[in-house]
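S.K.: Below are the structure tokens for one structure; questions will follow.
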Amino acid sequence: MAAETGFEMSGVTVTFGGLVALSDVSLAVGPNQVLGVIGPNGAGKTTLFNVACGFVRPDEGRLRWRGTELRALRPHQLAGHGIARTLQDLGLFDRMTVLENVLVGATRHARTSFWSGLFALPRHGRDERALTERAMAMLDELGIADVARRPVASLPYPVRKRVALARALAGDPDLLLLDEPASGLSNDEMAEIGELIGRLTARMSVMLVEHHMDLVMSVCHDIVVLDFGKVIARGGPDEIREHPAVLDAYLGEDVG
Amino acid sequence: MQQLITTVLTGLTLGAVYAAFALALVLIWRATRIVNFAQAPMAMITTYIALVLIDAGMSYWVGFAAALVSGLVLGALVERFVIRHLTGKSEINAVILTLGLFIVIHALAALIFGARYRSFPAPFGLRGFQVGDTTIALTGFGVFTILSVVGVMVLLVLLFRGTDVGLRMRASAFNQEMARLLGVRVGRMLTLGWALAAVVGSLSGLLIAGGGLVHPSYMDGVVVYGFVAAVLGGLDSPPGAVAGGVILGLSLSLVSGYVGSELVPLASLVILMAVLLVRPGGLFAQVRERRV
């Protein structure tokens, strides 16, 4: 069944000026699978995510999602396709409350039109209540429902991180792109994120860029290793741990 | 005492108008980091549209509504077809473009409506209310001015805090990239923001014109005062803009009443400089924590 093919990138090449950021990169994330993208700094991981979410148009290559090609993907269409992305710097709306932040993520499910929303027609009230419930459920799942009415700017970093995740999940995505979900977290918090990702695979596919090898090795089904914009290795956690090219690229760094 | 009351009431009415204009500037600044200098001539041209309808025999309120609607349309058109072309370029380009629009709209107004002074009606009395033997400096139109600006404030708060569209507009203003990722049509939100700002600008144009004279440049001074009011409030905050407008209106009225009306423009610039020197983030800026 075509809908079962998940997310695929094939032959993606991106150049900035004369610099090759990605060169002929292909990868696939199956349904309910977790794909990890690792590599040294500057390997092209962020560019890869930027291509996947439409921020960067590749010079060559194709993106397919559930069997259909995503041509000329624009960022605002992403949520409509059921794809959500978190940003490394979180990109929270600082002067909004936690709940409002998450509600923006849930607007994908608003059924009312722009105009009825603008004039706050009665149907809109029901719609908004449903969205609020959805957002609260998401906060509850991440254990931060108690700060729902607080402005995000006042919260400590690990909580802000959960808000960003709750906001991405509020759109009920089928593919979640996580940009360094563990950075800045303690070991305990990292373990919790790992557990959460494991739970999420029951309802979505996940692609993550991450530096913390413990997390990558424990949650990913498949791993793609980038170096200088090229895929130098791919496989399951055990293969990657032993892969000579990976050990080479990470020389001096601790791989798992 | 009598003079103080008169001065304060005049200041409040004037402040309400500055507040409306400052609000229009702040709405655009928040969304796009552009100071829209064309706001004044855009308001001016919509006031002329009202005047043409009123002179043709229609009621004041038809003209009033037509001015606000044409403000909405004009604001949306300017964003969509002029400002949008500069997306991704430095904001200074857009600011210079709004100065260009300022000149173009001025010239067009003079061509279409003529450059002479024309009187503009007011829907309510322009004489002060009588309290016992004394007349206080608050007119029926003054009350209307204050109430309509308060009404606009309330409507904007309801829109931004209470509706889904308002939420998306705020999200677009804070972080366009992230808002897009969450499925917000940021372009539409910007168009709507400019349209709403132009409506508020048109309202201030109508309020200043009421019972007075209009001329292609009758709004030009208001740009200066509205801008000072917006900076007083921190440029970023709609409630700050309103407070800034009221503070400026009161201060200038006091200067005019007790020092001399010829010093009013100077006083507004002194206030602007003082705020920028002492509290560059505006009177209502929250003290930011220092990052260590």
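Placement of Cβ uses the backbone N, Cα and C atoms for every residue, glycine included.
OK, TrEMBL features for this one:
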- B:6-27: transmembrane segment (TRANSMEM)
- B:34-54: transmembrane segment (TRANSMEM)
- B:60-82: transmembrane segment (TRANSMEM)
- B:94-115: transmembrane segment (TRANSMEM)
- B:135-160: transmembrane segment (TRANSMEM)
- B:190-211: transmembrane segment (TRANSMEM)
- B:217-235: transmembrane segment (TRANSMEM)
- B:242-260: transmembrane segment (TRANSMEM)
- B:266-285: transmembrane segment (TRANSMEM)
S.K.: Tell me, please, if the transmembrane segment (B:135-160) and the transmembrane segment (B:190-211) are in contact, taking contact as 3+ Cβ pairs under 8 Å between residues separated by 6 or more positions?
M.R.: yes
S.K.: Counting CB pairs under 8 Å, which listed stretch among B:60-82, B:94-115, B:217-235, B:266-285 touches the transmembrane segment (B:190-211) the most?
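M.R.: The stretch I would name here is B:60-82.
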S.K.: Which residues of the chain, 6 or more past the ends of the transmembrane segment (B:266-285), have a CB below 8 A from one of its CBs?
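M.R.: That would be 224-225, 228, 231-237, 239-240, 243-244, 247-248, 251-252, 255, 259.
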S.K.: Would you kindly list the residues that approach the transmembrane segment (B:217-235) from elsewhere in its chain, counting only those six or more residues past its ends and only Cβ-Cβ distances under 8 Å?
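M.R.: Contacts of the transmembrane segment (B:217-235) (Cβ under 8 Å, skipping residues fewer than 6 from its ends): 15, 17-19, 21-22, 24-26, 29, 35, 37, 39-41, 43-44, 47, 106, 204-205, 208-209, 241-245, 247-249, 252, 265, 268-269, 271-272, 275-276, 281-285.
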S.K.: Have the transmembrane segment (B:6-27) and the transmembrane segment (B:242-260) got at least three CB pairs under 8 Å, pairs 6 or more apart in sequence?
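M.R.: Yes, the stretches contact each other.
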S.K.: What else in the chain is close to the transmembrane segment (B:60-82), if you only count residues 6 or more beyond its ends and a Cβ gap under 8 Å?
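M.R.: Beyond its ends, the transmembrane segment (B:60-82) has Cβ neighbours at 38, 42-43, 45-47, 49-51, 53-54, 97, 101, 121-123, 190-199, 201-203, 205-206.
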